[in-house]
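As given in TrEMBL:
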type: DOMAIN; residues: 295-369; note: domain 'U-box'
type: REPEAT; residues: 440-482; note: repeat 'ARM'
type: REPEAT; residues: 525-567; note: repeat 'ARM'
């Protein structure tokens, strides 16, 4: 194996440099050298004064790139003179490898510059290894670079040869391992104190955080927490999630114990930008110097569609594509990687969450609408699992005490910020939810629901939502005087759509308990507002509204309020929306047992076609809900609706399919639906499997049908199949 082949194999297993990298194949000769010079200048300009833990490694790497830049500039400038515009093939290969190396060096430097300081401490050994690997790869490339064939000046040649010599030497003075080990020891000591139920001394925490790490503001602490939580969610294979979760809890505690809560929303000084601000600057440098004119960074575009990736995933070769594009590629029969041409060893698609976060951040900087295609509901559970150690739980309890104290006695601004942080803390882990409620947060959050500040109101109702996930807290919320009315008021007239949606989600959470359904139904405007949100809300808001209405519909007296408030008709219209149609069908199946509701629902023109569409394409549960709703509508509305249903092309095959393959409840409802169709359709013979013949175990209550006169039995000469128009075999039956 050649040196260059060795490099290409080796780099596949490096992090944060994991993945395959390719040099621009459309460049060669002088244009390739000029591209290298431009890339090197960008790296040097972006990293003039690194200040993070690995600053010595970073400065050494930047110095090496400066020497390479002098080489590229010399070759570029002299190409118009005695040098030809081509280079030996071996030199071109080396230049392409240098392009990949410099590009990866820039990624590593960006990674260090924009990572959390605590993360660099925890991952110090791995990151130092990345710097050493780049150094060794540079030595290998320079070793095979045909310097003689490049006709370099003596000065440039001496610099390159000296660089080659220095790269071959291991300089242990660059490694920050001694400092990193001291810092890791301090982190473990702090966590040990929390594990014993004690909070570390503020003076020691300040010396560690401010003096040793340079984290000198509450906003900087917030950036540390956000970055570390993202790493937990990414779940690197070699990550110690328990240590990482404890470090998150430690950083969050430091944020509120060391810094004044009133100063946490103040902008940081220009010389101490937050993690998010540093990324904002990096985003601007990637897209151009002017935020009014920008192009999507190439790294954020799918190599197949060339569009901004919404759900980036990694295939077996290490390449990243947008999920929809690579799935379409594989569905068309391709078995190779579009970018590299390598054979795909399997069809697994691994979410590239780190890239997704960068894309989302870039979009927020430039105001580009962005909704990730990936479902990330599991992130809270992942973080909660990582923060389940005794040390993390104790640290979070100490933080919660500080925040609840601010809710009680702080300024209006402090109360708003405390509500936001309690919202985030209550999002992860039942221990957090239980303790926050235990120390009296619910009454204080309830009073903030009437705040005139939209952000405070939204954070307060969302904090209550997150607390309500813990069953014991549901009772505390419902027993708090006026709390349910205030939640309903936010649902009706909340300042922001997010606040109204989260109020609906809170009612959904509370309505899980059967004893609370009647109270919610009786709350003035609650059901009506849910219906309005179902009709006009965002996709997430409609989902919350339909789930709340579904829960409430299980109460036997719910149909009255559903009918009077317009919720029944809203549910019927919602059947046309695939996002909420199955839950809407489930609610309609329950409340349509009342004739008045059934007639109102049947009066919506789209009801029957939508239910039949769900029976065709829905999930097993969706099909069950749809056939149950259709059966109730036909049972209560009589021949007019039933005959309209029976005339639907292909209905028999649909019903038969549900009878044979549906859930137990779906099969039972489909059987009853067939019998209703037999009862009312005077000119239709219903051909069904013999297993569905009327028997004593499934006799319908004929008194529930309007003016019955005769029933049609399956023709004994026909096999199981579709509902067919035929000469009926009819018999007279007595009218009950």
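Note: Cβ is positioned from N, Cα and C throughout, glycine not excepted.
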Sequence-remote partners of the repeat 'ARM' (440-482) [C-beta within less than 8 Å, at least six residues beyond its ends]:
400, 403-404, 407-408, 412, 415-416, 419-420, 422-423, 426-427, 430, 433-434, 489-490, 494-496, 498-499, 502-503, 505-506, 509-510, 512-513, 516, 519
Surrounding residues of the repeat 'ARM' (525-567) on its own chain - C-beta under 8 Å, 6+ positions past either end:
488, 491-492, 497, 500-502, 504-505, 507-508, 511-512, 514, 517-518, 573-574, 577, 579-580, 583-584, 586-587, 590-591, 593-594, 596-597, 600
The repeat 'ARM' (440-482) - residue tally per DSSP class, helix then strand then coil
34 helix, 0 strand, 9 coil
